[in-house]
Amino acid sequence: MIAEAGLAALWLAAALALLQFGSGVAALRGEGSPLAALVRPVAVVQGALALLAFAALLLVFAQTDLSVKLVALNSHSAKPMMYKIAGAWGNHEGSMLLWVTVMGLAGSFVALVERRLPERTMIATLLGQAFVSLGFYAFLLFASNPFERLNPVPPEGQGLNPLLQDPGLAFHPPTLYLGYVGLSIAFSFAVGALITREVGPAFARAMRPWVLGAWIFLTLGITAGSYWAYYELGWGGWWFWDPVENASLMPWLAATALLHSCSVLAARNALRAWTVMLGVVAFSMSMVGTFLVRSGILTSVHAFAVDPKRGTFILALLAIYIGGALTLFAFRAATVTEGERFAVTSRESALVFNNVMLTGTLGIVLMGTLYPLVTEAFGERVSVGPPYFNPMSAVFVVPMLLVLTVGPLLRWRRDQLARVRLPMLIAAGVALTGLAVAISLAPGKVLPIIGLALAPAVAVASLLPLRGRKLRQVKLPLWGMVIAHFGIAVALLGMAAEGAFTTERLVALRVGESTPVGPWQIRLARIEPVAGPNWTALEATLEASYAGAAPIVTHPQARMFWAPVQNTAESALLTRWNGQLYTVLGDKADGGANGGRWQLRLWWKPLVTLIWIGGALIALGGLLALLGRVASDLRRLVASDKIAFRRQRQGR
Amino acid sequence: MTAIKAKHQRLILALIALAAILAAGALAAWALRSQASYFYLPADLKANPPEVGRAVRLGGMVKAGSVARAADGVTVQFVVDDGKAEVPVRFKGIVPDLFKEGSGVVAEGRLDAGGQFVADNLLAKHDEKYVPREMKDMTAARAAVRDTQ
């Protein structure tokens, strides 16, 4: 019954999306159409119904109702409850339902609270949102129904991929989806503004909090995903330029550019057409990512669907939405009126530079991700990895970070570099010192050296906007900017230090033997079997002592899951303030003979944790900026309500 | 700067953005040609070997009876076979769980001067559901190898 209720809710939600779209169109065509009043309430109910359908899916997964095909294929009664629930979105159908749910909820949220823009623009925005939702509802209902029943009912489910049975999984996809799909709001705002031709500071101010919100979730999702890959895959790396990772990075790059161009539009009424364009591009990148991940073109733990029908369906949706929005843009961009002018040395220019460099990086990542698909169409199979992505993205990121050291100090409209000479000298001094230190510590490693030199300079420069201000009076959005930029520097330092100073050891040890790795001495104390709820494992006990200190015990495991049958290496991490010791237990080295040596892979990674701390700081900066913006909007709203109320009382 | 008309500034900005994006595209195209790692079957590798040291991927079957471990306990030596040609491969590291003789493997690495393939990474079939892309097409090769053995 629950599954049928969920399916019914899904159909109803789709019907309401159609109603929302239709009444929106009617309202825009006929001025004063009664249907205009329908758009907002319908959007709210549509979101609620999508949420209901998602709740139904969670419930069937929690109960392990094996008569539902999706549950039978992806769950197992012996799985811990957390992974039963997380399993609801650890598969193609469930994750697409999560997608439309987030999209519906984002639409309801906008319909409920957004009152700053002219009603016509709002109707056009909600119309756009309904139009995009409709495609994904169709995709769910016709090509990936999550509530399909199974007859006969199997006695047991097939289980969930063990790699996905991890606390990280419970939070990583929903977070990322909130970001991906949150960008649909920016897309809809851009479409709405193009339809009604109202692109201006008010539009940017209304769109900014939504973009910020989506961007915060994307930042958190990418950071968490990187950490998950780092400790769960057991390969010691934190970013693999895997197409699925790129799929999350591309919307982030576009959204970051959009945030910055929004602030130019909001503050200075410039970069109008460009901001609208980025609004379209950001969500398009989310959809391209979904297409890459969900179409089965790529094979990875993320690629659930290998059904060509689904791939074609998503490709068609992509063509309609991206093509449609770009066509609308092409026709309307020329009529978007000219923005304000600015001088070459100005805050605007610095932000334009930021946008161009971010777009360039986005182009590099996009081309590198799509290239293997293109060559495969011509019969040549290639893969593109770090030797391409690292230096090529650095070509754009390094100049951007250099400008980041001065940009936030410049004034709007027109400024002189002479005015910021002192901060520039400070940043240059720090960078040169960093460069000298880095070259002596890690000779020959070009990219890590650049990172080590830039990170302290960006860190110092990011704090300079606070210079000469009373800290108590600094507004939240400024704190947000400072902390986010500081977070960039922190993450960069982590990446560069990991690249420059990591030491790796691959050894075969007998029980009782030890080996050095970096400043650590590791002793293999014993190997024992252990058992978990749905796995058994061999667990190594390693005694690790840092620079001669008392040993700390750490336990890497080789796990064997039985539903489905799969072996995974469970790495063990020892975190110190200055880095992490990363240990992985491999196979028996001699196949039983020779007294039993065990393979161990050990890394000492100095400052590696800064990568994710930096990511969290960037998200925190976004959160502070969001809080600041929302608070000032609320104050303005309360003030205007008061004025309206007084006028009413005075009988005007 | 105030001398520049609004129209002109807009045009200049658009040109700068266009130039940067074209530059990114050209740079990417050039780098992709030189950095992309191509996929080879043993027969391709023998017929048309890549330059020594260039990153490529080699796919095929692990020849039965060819896997040998070196004395250090962490280096394996084996032969990749597609029924037509054989390439010796050396790998230092922890092999994936489903790496075994007679099953498929994709080795990422490079040829050394002696004609041996030095792998940095091995991809084996993960489980029933997740198979490396290149390996799906290797069923034919596998059948060929089986017939010869």
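Each residue, glycine too, has its Cβ placed from N, Cα and C.
Unlike curated records, TrEMBL annotations are generated automatically.
Note on the domain 'Cytochrome c assembly protein' (A:89-295): mean pLDDT across this stretch is 87. What TrEMBL records for A:89-295 is domain 'Cytochrome c assembly protein'.
TrEMBL lists A:315-629 with the feature domain 'Cytochrome c-type biogenesis protein CcmF C-terminal'.
Annotation source TrEMBL lists transmembrane segment at A:43-62 (among others). Panel annotation: around the transmembrane segment (A:43-62), residues 2-3, 5-7, 9-10, 12-13, 16-17, 20, 68, 70-71, 75, 81, 84-85, 87-88, 94, 97-98, 100-101, 103-112, 126, 129-130, 133, 146-147 of the same chain, lying at least six beyond its termini, place a Cβ under 8 Å from a Cβ of the stretch.
According to TrEMBL, the transmembrane segment annotation covers A:96-113 (among others).
Taken from TrEMBL, the feature transmembrane segment covers A:125-144 (among others).
Under the heading transmembrane segment, TrEMBL lists A:177-197 (among others).
Non-local neighbours of the transmembrane segment (A:209-229) in the same chain are 106, 110, 166, 168-169, 171-173, 175-183, 185-186, 189, 237-240, 242, 245, 248-249, 251-252, 255-256, 258-259, 262, 279, 282, 611-612, 615-616, 618-619, 622-623, 625-626, 629-630, 633; each lies 6+ residues outside the stretch with a CB under 8 Å from one of its CB atoms. Feature annotation from TrEMBL assigns transmembrane segment to A:209-229 (among others).
Under the heading transmembrane segment, TrEMBL lists A:249-267 (among others).
Outside the transmembrane segment (A:313-331), and at least 6 residues removed from its termini, the chain residues within Cβ reach (under 8 Å) are 132, 135-136, 139, 142-143, 187, 190-191, 194-195, 273, 276-277, 280, 284, 287-288, 290-291, 294-295. TrEMBL lists A:313-331 (among others) with the feature transmembrane segment.
The transmembrane segment feature in TrEMBL is assigned to A:352-371 (among others).
Packing against the transmembrane segment (A:391-410) from elsewhere in the chain are residues 345-347, 349-351, 353-354, 357-358, 360-361, 364-365, 368, 417, 420, 423-424, 427, 431, 447, 450, 454, 457-458, 461-462, 464-465, 481, 485, 488, 492: each is 6 or more residues past its ends and has a CB under 8 Å from a CB in it. Annotation source TrEMBL lists transmembrane segment at A:391-410 (among others).
TrEMBL lists A:422-441 (among others) with the feature transmembrane segment.
If you look up TrEMBL, you'll see A:478-497 (among others) marked as transmembrane segment.
Feature annotation from TrEMBL assigns transmembrane segment to A:607-627 (among others). Counting same-chain residues at least six beyond the ends of the transmembrane segment (A:607-627), those with a Cβ under 8 angstroms from any Cβ of the stretch are 209, 212-213, 215-216, 219-220, 222-223, 226-227, 238, 476-477, 479-495, 497-498, 501-502, 575, 578-580.
Comparing A:96-113, A:249-267, A:352-371 for CB pairs under 8 angstroms to the transmembrane segment (A:125-144), the maximum falls on A:96-113.
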